[in-house]
Amino acid sequence: MNFIFYTFLAYFYLGSQIFLLHTLLVQPAHSHPQPCHILARIGHTVRLGALLPSRQSVRVRAALHRALSGLAESGNNFLPYNLSLDVVARDAPSGDPESLFRCVCQDIVVQGVSAVLAFPQTQEEIVQMEFMSSFLEIPFISIIEHGEPLKTQNRFHLQMTTRIPPSGLVELLLAVLQRSGWEESMAVLCQGWEDAGLLDLLKLTNSGWGPSHWHLRAALNLSHSTPHMANISDFLSEHFNQDLSPAASVLLFGADPECASSILRSAHDLGLTLPTVHWIMGHPLSPDALHSIGLPLGLLAYGEVDHKPLDYYIRDALQLVNRAVTAATVVRPDLALIQNMVNCFDKPNKHELPSSGQYIARFLSNTSFVGLTGPVSVQRNLSRVLTSQRVHIWSLRRDAVGQPTWVTVGSWEGGRLDVEEQGLWQGSWRAGFPVSGSRLRVVTLVEHPFVFTREVDEDGNCPAGQYCLDAGTNNSETLDHLFTERAQGNSSFLPPDFSKCCYGYCIDLLEKLAEDMDFEFDLYIVGDGKYGAVKGGQWTGLVGDLLSEVADMAVTSFSINSARSKMIDFTSPFFSTSLGILVRSKDTAAPIGAFMWPLHWSMWMGIFVALHITAFFLTLYEWKSPFGMTPHGRNRVKVFSYSSALNLCYAILFGRTVSSKTPKCWTGRFLMNLWAIFCLLVLSSYTANLAAVMVGEKTFEEVSGIHDAKLHHPSQGFRFGTVRESSAEDYMKKSFPEMHEYMRKFNEPTTPDGVATLKTDPPQLDAFIMDKALLDYEVSIDADCKLLTVGKPFAIEGYGIGLPQNSPLTSNISEFISRYKSDGYMDMLHDKWYKVVPCGKRVFAVTETLQMGIRHFSGLFLLLCVGVTGALLTLAGEHAFYRLVLPHIRRRQKFKYWLHTSQKIHRALNMTYEDVKRQRANTEKRF
């Protein structure tokens, strides 16, 4: 029972002490009655010494004044009993340490100060503050603007840095080198670089990561040379004659911006840039200084952001002392407020009575708060006042319009490197590392036959082809999340529309490259469905994804042109093509005169002229021959007249078997056979072309090429377009701006959309301009055979694989593509994806091709009707001639001999009907 009772009393006493301490800390002003004798002795003032530097004392004094004014305006100086703060400021003498010590003792310590603020400007002055604080046992807070703080455990000397010290910068540089995987570096010292402390620390720091070690290969000193460009180029060429390893980097140190810019320009001109050499600014830069550096791309730099002015650090130092004094006053106001160290040569015996400095130093080490510079605390083992300095790491890249711009890729704060989203180099693979065994992100665009898509199977896999994401976005975080979900086997959580299977010409090529170069890839379809063009000041489509480094590679029918080549890199072309014009056939009814189409009108005229000339010569030869069928030739009863010759020539021409007179002389018969041969050849040609002409009623727009008047002067409503933001549109915009302005309203988002507008009824376009490789494929798969490419090809171009600028993969992939061309692999791909029977060479059914209806021969029926009508008119003319003209001619003595022209007309003019009957009777009796 006694043990329990005493235990209870002990816990009660402990609890009461904790409660009392809490009350004192929370309400120090009312913890106990004010120590009036102590307050009267110190004059209601807490004194603080300030040792101003001999150099720049005006600047530091002004900062101290601003800090005191700001503390007074805040209305809370954190001192108990409404005490005021009095700062005793003195300028430190320049010279030997003895003068400095005398100034501190005679001008500051004698005032009974609780602590001293110091502003050492050199490493020597920091050491002096270290010795004085240790000897006097008065807390010194050194606010260090430049230099490295001491590694000490002196609790009387607290060091507050306003910037990251050289040791911190070394840690930052080594963290960047480690993150980037660079195993060795070279240093270039620019003119005006006098601070060797940072470089010396780097030389001493040869720590490694795992099996590899970072090594500083050499330091090239330009500090004593002239900044002339020629000299710098010669210097760099001389010292960079040896090949650097792919993981090498160059640290550039230089306080002179002009010299640093000259070195970087020379390195860019000499090709000492990515992917061979990685340049890093070794010293910190201000954000304003970055604008003077524009080359080379991939340059890394770093610098402090949101840097606080000196008066902020002074104010936080004042607040640190005030808070420590307040906490000390709660327990021992006599030691906290009355300073027993006022004579440097009469120190109190620490065994009899502790000094005020010792007492306050203990509370300084345990004080922390959030000040103007961020979280403030004391690192006991190093006697440092920790404040917040934030450093950003920048990388020089191209923006959305292709201009060099600085991008924040990481930050350094509190000794930790935080890399933005995807690191110093975005993507799972980074430049400078071997691609073998890496994973690339590849963007593509659906364009037949280079890239097709189909749905995945029930398990979300692709039995053939490659899995590809069609998320409709180019947001890197979204793509990362989706690919991660699939890699973890969570494909069921992906939206069904996002998962596709990609296959085609380019996918086969990509698989071949991945196999030969030993890399894996994540494939996705470009979010906006565009090849890439400048829109709203930014690049869209495939080019935009490569510029923003969302993708490491773009594989599709990606045309190489000058605008894109300025922004990104292309491999050597794997497919050569040009621009072409696609038109559609028109179904037209056979015209009445379609049967005349096999021969040109000039040929028809030539045939009939030749017929009448031949008939004339047949008649002439027959009448001049002694053996001809004439009255003078052996008393022939029948006469071969000109009308007989015409009848014979027409019969031979049209192949009709009717009774006709034939020439009897050898000359006439020879000419008749020649005419028969002529008619045979003409008739054969006519017959051969007749069926094709009568059935082939598909007509196409007659466009001779890109310079056709229909395209340059579309006044008749001729409509034509291309694919928006494609290489074809870029070519039209640059080469034919007026034509491009007209066709903009007819442009389509994709090639299939443009082809579909040609095939609508009625067609929405008359012509579609696009890559001929794509148009030829569309023609070959057109089941209705309504499409045709017309005109001469123009704007010769090639398809290449797109990569970010200065990508080390460009030359490697180009080499493999050249190898594929030489060994026939590219020809095999072409045969595989283009081996489709062209529409013009398809074999059609006879019933489809040669079956002709009455509309095909409507002209012949019309010609027959005209012939019947003409025969009736001829009959009427014969009667009129017989009854009206013939009697009139008989009465005259002229124009009665017509035997050479027509035997019937001759008889009608010279013989009566009875004479004709008598002649016929005599002829019959003779035979």
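Cβ atoms here come from the backbone N, Cα and C positions, even for glycine.
Its Cβ placed at the centre, S727 (L-glutamate binding site) has 25 other Cβ atoms within 10 Å. If you look up TrEMBL, you'll see S559, R564, S727, D771 marked as L-glutamate binding site.
Per TrEMBL, disulfide bond is recorded for C785-C839.
Taken from TrEMBL, the feature domain 'Ionotropic glutamate receptor L-glutamate and glycine-binding' covers 492-548.
TrEMBL lists 492-836 with the feature domain 'Ionotropic glutamate receptor C-terminal'.
The site 'Interaction with the cone snail toxin Con-ikot-ikot' annotation in TrEMBL covers K733. In this structure, K733 (site 'Interaction with the cone snail toxin Con-ikot-ikot') is part of a helix by DSSP.
Long-range Cβ contacts of the transmembrane segment (595-618) within its own chain (Cβ-Cβ under 8 Å, at least 6 residues beyond either end) map to 640, 642, 645-646, 648-650, 653, 663, 668, 671-672, 675, 678, 682, 685-686, 688-690, 693-694, 857, 859-860. According to TrEMBL, the feature transmembrane segment maps to 595-618 (among others).
The transmembrane segment annotation in TrEMBL covers 639-658 (among others).
If you look up TrEMBL, you'll see 670-695 (among others) marked as transmembrane segment.
Here TrEMBL flags 860-882 (among others) as transmembrane segment.
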>> To the nearest Å, how far is the Cα of D771 (L-glutamate binding site) from the Cα of K733 (site 'Interaction with the cone snail toxin Con-ikot-ikot')?
In response: 15
> Hey, what's the widest CA-to-CA gap across S559, R564, S727, D771, the L-glutamate contacts in the record, in Å?
Replying inline: 17
> About how far apart, in whole Å, are the alpha carbons (Cα) of K733 (site 'Interaction with the cone snail toxin Con-ikot-ikot') and S727 (L-glutamate binding site)?
Replying inline: 10
>> I want to verify one value. Collapsing DSSP to three states, which class is S727 (L-glutamate binding site)?
In response: helix
> Can you name the residues of this chain that are 6 or more positions from R564 (L-glutamate binding site) yet have a C-beta less than 8 Å from its C-beta?
Replying inline: G532, V543, F570, S727, G802
> What are the DSSP helix/strand/coil residue counts across the domain 'Ionotropic glutamate receptor L-glutamate and glycine-binding' (492-548)?
Replying inline: 25 helix, 15 strand, 17 coil
